[in-house]
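Q: Here TrEMBL flags 411-433 as region 'Disordered'. Among the features that TrEMBL reports, transmembrane segment is placed at 30-49, 61-82, 137-158, 221-241, 263-281, 293-312, 318-340, 352-374, 380-403.
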Amino acid sequence: LAQSLFALFASSLAISLVFAIIPLCHNVVVLAVVMAVAGLAMGCIDTISNMQLVKIYQKDSAIFLQALHFFVGFGALLSPLIADPFLSDTNCILSNSTANASSNLPHIRKSLVPHHPGNLSHYDLPMKGMVVTRVSYAFWIMALINLPVPIAVFFLLYKERMVPCFNSSSHPLLSADELAMETRPAEKDDLSAAVQRPRAAGGHDDLFSCCQSKNFRGASYAYFAVHITGALVLFMTDGIVGEYSGFVYSYAVEEPLSVVHKVAGYLPSLFWGFITLGRLISIPVSYRMKPATMVFINVVGVLITFLLLLIFSYSVVFLFVGTASLGLFLSSTFPSMLAYTEDILQYKGCATTVLVTGAGVGEMVLQLLVGSIIHDQGSYSFLVCGMIFGGLAFTFYAFLLFFHRMYPKPPSDVDDASPDKPAAMDDTGQYQR
């Protein structure tokens, strides 16, 4: 826990520093290094926060994972709104040719899609003159907004007496968190002993324990197959999120739809808005529905939505309906898959790293792949690629269900605490395994 909290503190602080430094970068190499640091920090936060929720809350982690990813989507929806007031409606550099360039600016901004901007060489863009942009303020505001996060993590470290230089006289916060302990009835009489046992065990386990080769000795092939198929499902679904949000605008403005640029600009916002709404809805739904069922509904819904988008490819109205539907189905796939896979593997937290890595690689690779295909084959291939990726996600999920059946069941003492069994209430109204 201490290693995880220190890593979260360092990563969240690094993000604030990066956002503060970005406006000061006047060299593309320096900017690339700064952005790489930001990527590393965000990857650490993504992995550790998911892993710790799984290890702490175990059976109940699905609800907390849905809540976590709701705030991920909410942040993705909110941050452009913070930056928008500081984006200049005229050219960022004033010179003699500013008047001509300013009239072209709305089209240029809409044309700069990820990875494959259009041919802008015929537009007159001034390269020298007085810089008038205020976009730097947006980065500095985001840095300040993020700053309370490392402060809060440091406060938690301080209250848990994990900071070597400071000795807190107050009681630790987590000792009172009975929800996280989930002790057996026989252990309820001695809560302090129950608190000490996990902490003592933590001395023999650390943040990188999943990478130790001794944990793989004697593991069945189904153990590795569950990790691989789970990662491949997220490789496809998170890749769809990246490529759809990145290229749906380009698809809409091209033939045969030819949507006007201003209207097409609402599609990515609609997509992320319904992802955020879907994650909010999934918080209460995950309390009633098993993660495996939710993932099944998600992958089938994605497949059907892309099929309908292909059938009604000439309908602008259905493009908006399909975009909203796709956002809803993709919204809870990552947290549900994470909860389901860790459920199979008894909440060790090791699968989290594999799944987060698979999702991140998919989001990066599929955007590059789809961008090059659209460039060579035309805009219609955008939906065809989505259909193929959705079919592969469903196929890999079917393999995951097969390997789940092949995976050896835990011993009887562990099986009694298995998340597949519903919690029973004792006479005192307390939940027990």
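Numbering starts at 1 and runs along the chain as displayed.
Every residue, even glycine, has its Cβ placed from backbone N, Cα and C.
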Q: Taking contact to mean three or more C-beta pairs under 8 angstroms, with sequence separation of 6 or more, is the transmembrane segment (61-82) in contact with the transmembrane segment (318-340)?
A: yes
Q: Can you name the far-off residues of the same chain, 6+ from the ends of the transmembrane segment (293-312), with a Cβ under 8 Å from a Cβ of it?
A: 233, 237, 240, 282, 285-286, 318-319, 322, 325-326, 328-330, 332-333, 336-337, 340, 383-384, 386-387, 390-391, 393-394, 397
Q: Ranking 263-281, 318-340, 352-374 by Cβ pairs under 8 Å to the transmembrane segment (30-49), which is first?
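A: Most contacts with the transmembrane segment (30-49): 352-374.
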